[in-house]
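According to Swiss-Prot, the protein carries these features:
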- 15-194: domain 'Guanylate kinase-like' (DOMAIN)
- Ser22, Pro23, Ser24, Gly25, Ala26, Gly27, Lys28, Thr29: ATP binding site (BINDING)
Amino acid sequence: MSAPSSAPALIPRRGMMLVLSSPSGAGKTTISRALLAEEDGLEMSVSVTTRAPRPGERDGEHYHFIDVARYMALTKDDGLLEHARVFENYYGTPRAPVEAALARGCDVLFDIDWQGTQQVAEKARTDLVSIFILPPSVGELERRLKGRAQDSDAVVAARMAKAMDEISHYFEYDYIIVNDDLDRSIADVRAILRAERLKRARRIGLAEFVNRMRGAGE
């Protein structure tokens, strides 16, 4: 579990939900991994799913694996910040562990699409910071997808079509990063994260800190 960030340690703050969205191949996963490796006080949101674990997946690390009855109960009780059905399986982000992390000053990283981001925004807009990662061009995105050498031409074409739909929702996000240079894009996301941590509204201990300072100066 990540420790709360210490920027600055004197003033307690509430954590934030940091959402990264992008079309497949734009670099979101690579950027997310770099953030988790480099930033203190940042942890990855772990989704629930009703599908069976795949080889190598561990409960509580990759997903929380639950049955359909438990999933439906969470949905009914508003226990999910966002949820979706993908083919025959259900996925969602449990609210309770995210709320607990925010309350102790930890930031939570989300790897979700624009639809999930909309749902989170409806339930917790003040805690949300959203970033959309764009490729530098359509041609570069297609080159990256083909460079994976793991998908057929038909699958690449389908991913490109989906990417155009996803990109059309760019205006719903707080920040836009064009990932033409990976190192710079990672630095930009880290800069956003650090600036958002300093926002007055998130620094829940600020009034007490200032009052103590004023009292000491009298």
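Heads up, the Cβ atoms here are built off N, Cα and C, so glycines get one too.
Taking the Cβ of Ser24 (ATP binding site) as centre and 10 Å as the limit, one finds 17 other Cβ atoms among all the protein chains shown. Restricting the average to the domain 'Guanylate kinase-like' (15-194) gives a pLDDT of 95. Same-chain residues at least 6 positions away in sequence with a Cβ under 8 Å from that of Pro23 (ATP binding site) are, in sequence order, Pro135, Leu141, Arg159, Lys162, Ala163, Glu166, Ile167. The Cβ neighbour count for Thr29 (ATP binding site), using a 10 Å radius over every protein chain in view, is 14. Summary of the ATP site environment: with the site residues Ser22, Pro23, Ser24, Gly25, Ala26, Gly27, Lys28, Thr29 set aside, the chain residues having Cβ atoms within 8 Å of the Cβ mean position are Ile133, Pro135, Asn179. Of all Cβ atoms in the shown protein chains, 22 besides its own fall within 10 Å of the Cβ of Gly27 (ATP binding site). Cβ neighbours of Ser22 (ATP binding site) (same chain, under 8 Å, six or more residues apart in sequence): Lys28, Phe132, Ile133, Leu134, Pro135, Glu166, Asn179.
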